[in-house]
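> This is the structure, below, for whatever I ask next.
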Amino acid sequence: MDISRQEIREKEKNFSVRSATATMALCAIVAVILVLGNIFDFLMVPLSLLVIIAVVFFCAYLLSFLSRKGVLSPVVPYAITTASTLILTLALSSVGPLTRIPFFLIYFYIVLQPALLLGRIHGLFGIVLVDVTYIFMVFWTRPQYPETHVGFEATKLILFTFVALFLVLEFDKNLRRLQRIRYVTACAEAGDLTQRINDKEKDEIAFLSKGLNRLLETESAIIGAIHEIVDKLSSIGEQIASTAGEIASASSEIVQTTQTMTDKIDQQHDDLNMTITTGKTLSEVSFDVVNNVKKIEDFSVGVSTSAAGAMEQSDSVISNIELIGKRYENLSSLMAQLQDVSSAINRIVNTIDAIAEKINILALNASIEAARAGEYGRGFSIVADEIKKLADSSQGSASEIAKIIKQMVESLQTVAVSTEEVNAAIKDGSVVIKTTADVLKGISNKVLELNTAIKNIKDVIATEEEEITNMIKQIESSYSISEENSTAAQQILASMQEQSAASEEFSASSQELVSMANKLKEMIQKFTVEQAQTE
C-alpha cells in the first residue's frame with residue numbers, strides 16, 4: 001500500500017491550504033476577541049501580542065498563496081500546526097483559567113485536522129506540541145493568575161491527551177482502512193482484479209469495502225466473459241477476414257472475367273454490325289452485277305440478231321456474186337463472139353449497163369455488210385469498193401460503147417482481159433464473203449453460248465442474293481441478341497463491380513473488426529482475474 005510522492009504532495013497541499021485558511025481565521029477571531037477585551041476592559045493584553053497575531057496571519061496567508069501555486073515543503077504542515085498552537089496558547093495566556101476552558105477545545109481541531117488529513121504522525125506531533133506549550137504556558141502565567149490550579153490544568157491536559165490520542169488512533173485506523181480501499185482500487189485500475197478487502201467492521205467503510213469486493217467480483221466475471229468473447233470474436237473475425245479476402249479475390253477475378261466477356265461481346269457486336277454492313281454492300285454489288293449482266297444479255301442478243309442478219313445478207317451477197325461470176329463468164333463468151341456479132345453490140349452494151357447498175361448496188365450492200373462485220377469485213381469492204389469502181393467503170397464504158405462502137409472491136413482484147421480479172425476478183429470476193437459468213441456463224445454460236453452462260457449467272461446471282469438476304473436477316477437477329485447480351489453483360493459487370501466493392505469493404509470491415517478485437521484483447525489482458533487475494 002505504498003503512497004506515491006505525488007499523492008503525498010497533494011495531501012500536503014490540501015492540508016496547507018485548509019490549515020493556512022483556518023490559521024488566518026483563528027488569528028482573526030483571536031484578534032477580534034482581544035480587541036473587544038481591551039475595549040470592554042475584560043481582557044488586558046499587550047500590544048505586542050496583536051503584532052505577533054498579525055505577523056502569523058500574514059505568514060498563514062503567504063503559505064496559503066504559495067501552496068496554491070504549488071510551492072510546498074514537507075515541513076510546512078508542521079510549521080502550520082506549530083504556528084496555530086503557539087497563537088492559541090499565547091491567546092490563552094492572556095485570560096484566566098476559567099476563561100480558557102471553552103477555548104481549550106480549539107486544540108482538538110489543531111490536533112485532529114492534521115491527523116485526519118496527513119496521518120497519526122502529524123496528530124501525535126500536535127498532541128505533544130499542545131502538551132508542552134500548554135504546560136509551559138500554565139507555569140509561565142501562574143504568577144499572573146494565582147487562582148490557577150495546577151492539578152485541574154494537569155487533569156484537563158491529561159483528558160485532552162487521552163481523548164486526542166484515542167481520536168488520532170481511530171482516525172489513523174479509518175485512514176488505513178481507506179488506504180486499503182484505495183490500494184485495491186489502484187490495483188483494479190492497474191488491471192489486478194484479484195485483490196479483496198477483509199474488513200470485519202460494521203461501519204460505512206466496511207460496507208464500502210464489501211460493495212467494492214462485490215464490484216470487483218462482478219467486474220472479474222465481466223472481464224472473464226469478455227476474455228472468452230474476445231477470443232471467439234478474434235477467431236471469428238480472422239475467419240471472416242480470411243473469407244472476405246477470398247470473396248474479394250474471387251470477386252476481382254469474376255469482375256476481370258466479366259470484363260473480358262463484355263469486351264468479347266462488344267467485339268462480337270461490332271463484328272456483326274460490320275458483317276451486316278458488308279452483307280448489305282454485297283447485296284448492292286450483286287444487284288449491280290445483275291443489272292450489268294442484263295445489259296450484257298441485251299447486248300449479246302443484239303449482237304446475235306445482227307450476226308444472223310449479217311449471215312443472211314452474206315448469203316445473198318454470195319448468191320449475187322456467183323450470179324455475177326456466171327454472167328461474167330457469159331460476158332467472156334459474148335466478148336469472144338463480138339468479133340462475129342457486131343450487130344448485137346448495142347444489146348450487149350445495154351446488158352453491161354444493167355449489170356453495172358446491179359454490181360454497183362451489190363457493191364454498196366457488200367460495203368455496208370462489210371462495215372457491220374467490222375474487222376472481219378475489212379477485206380471484203382475493199383473488194384466491194386473495187387467492185388463498185390469496176391461497176392462504175394463498166395457503166396461508163398458501156399455509155400461510151402455506143403459512141404465508140406468502132407473502137408470496141410479494137411479494145412475487145414483489152415476488155416476480155418479486164419473481164420477475166422474481174423471474174424478472178426469476184427471469185428476472190430466470194431471466198432472472202434464465205435469466210436466472213438463462217439466467222440459470223442462462229443460469232444453467233446459463241447453469242448448463243450454467252451446467252452446461256454449469262455442466264456446461268458443470273459440464276460446463280462439470284463440464288464446468292466436470296467441467300468445473302470436470308471443471311472442478313474439472320475445476322476440482324478443475331479445482332480439484336482448480341483446487343484441484348486452486351487447490355488446484359490454491362491449490367492452484370494456493373495453488378496459485379498458493386499459486389500466487388502462491397503466485398504472489399506466487407507474485407508476492410510472484417511480487418512477492422514479483427515484489429516478492434518485485438519485491441520480489446522490487449523486492453524483486457526492487463527486485468528488479472530484468476531485468483532482473488534484478500535487484503
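Using the three backbone atoms N, Cα and C, a Cβ is placed for every residue, glycine included.
Grabbed the feature section from TrEMBL, which reads as follows:
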| type | residues | note |
| --- | --- | --- |
| TRANSMEM | 20-37 | transmembrane segment |
| TRANSMEM | 43-63 | transmembrane segment |
| TRANSMEM | 75-95 | transmembrane segment |
| TRANSMEM | 101-119 | transmembrane segment |
| TRANSMEM | 124-142 | transmembrane segment |
| TRANSMEM | 154-172 | transmembrane segment |
| DOMAIN | 175-224 | domain 'HAMP' |
| DOMAIN | 243-514 | domain 'Methyl-accepting transducer' |
| COILED | 447-474 | coiled coil |
> Who are the long-range neighbours of the transmembrane segment (101-119) in its own chain, taking Cβ under 8 Å and residues 6 or more past its ends?
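Result: 11-12, 14-15, 18-19, 22, 26, 77, 81, 84-85, 88, 91-92, 95, 125-127, 130, 134, 156, 160, 163-164, 167-168, 171-172, 175.
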> Of the residues in the domain 'HAMP' (175-224), how many are helix, strand and coil by DSSP?
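DSSP composition of the domain 'HAMP' (175-224): 37 helix, 3 strand, 10 coil.
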> Take every residue in the domain 'Methyl-accepting transducer' (243-514), average their pLDDT values, and give the whole-number result.
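The average pLDDT of the model in the domain 'Methyl-accepting transducer' (243-514) works out to 69.
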